[in-house]
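*Asks:* Got a structure here, written out as structure tokens. Questions coming.
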Amino acid sequence: KVYGRCELAAAMKRLGLDNYRGYSLGNWVCAAKFESNFNTHATNRNTDGSTDYGILQINSRWWCNDGRTPGSRNLCNIPCSALLSSDITASVNCAKKIVSDRNGMNAWVAWRNRCKGTDVHAWIRGCRL
């Protein structure tokens, strides 16, 4: 599923991401835009053999199990396929675990490069939340 900007903001808010670990909702919407273009089915293979999955491009080396990543830790205890669902609950729950790490949202390269230090509130402007 490809979410609309405000549709995704509303879903993320409902699932408790707004101000989770101090990151406002706009940060999450911005991250999703530049990680997956709001597409829950996005997958991208990395040079180390791991794959990033779903709307927040969660990595199989650490966070989920896809059965083909050597030394996978599966710290979210989920199959990576769960991160491709049109229902973003699994992605959000895993993202909460990721952002609770000391690096916070810096774990997301796209957030670090495209969202960090910008006016992320613009991503939810005009949305009825």
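Cβ coordinates are placed from backbone N, Cα and C, and glycine is handled just like the others.
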*Asks:* Candidates are Cys94, Cys115. Which one does Swiss-Prot pair with Cys76 through a disulfide bond?
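*Replies:* Checking Swiss-Prot, the candidate bonded to Cys76 through a disulfide is Cys94.
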*Asks:* Could you identify, going by Swiss-Prot, the member of Cys30, Cys64 that forms a disulphide bond with Cys115?
*Replies:* Cys30
*Asks:* Within 10 Å of Cys76 (disulfide bond) (Cα-Cα), which of the recorded positions Cys6, Asp52, Cys64, Cys127?
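*Replies:* The recorded positions passing the 10 Å Cα test are Cys64.
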*Asks:* How many Å lie between the Cα of Asp52 (active site) and the Cα of Cys6 (disulfide bond)?
*Replies:* 24
*Asks:* Which number gives the other C-beta atoms within 10 angstroms of the C-beta of Glu35 (active site), all protein chains shown included?
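*Replies:* Cβ-Cβ neighbours of Glu35 (active site) within 10 Å number 23.
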*Asks:* Find the shortest Cα-Cα separation between Cys6 (disulfide bond) and the disulfide-bonded residues Cys30, Cys80, Cys115, and name the residue that gives it.
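*Replies:* Going through Cys30, Cys80, Cys115 one by one, the Cα closest to that of Cys6 (disulfide bond) is Cys30.
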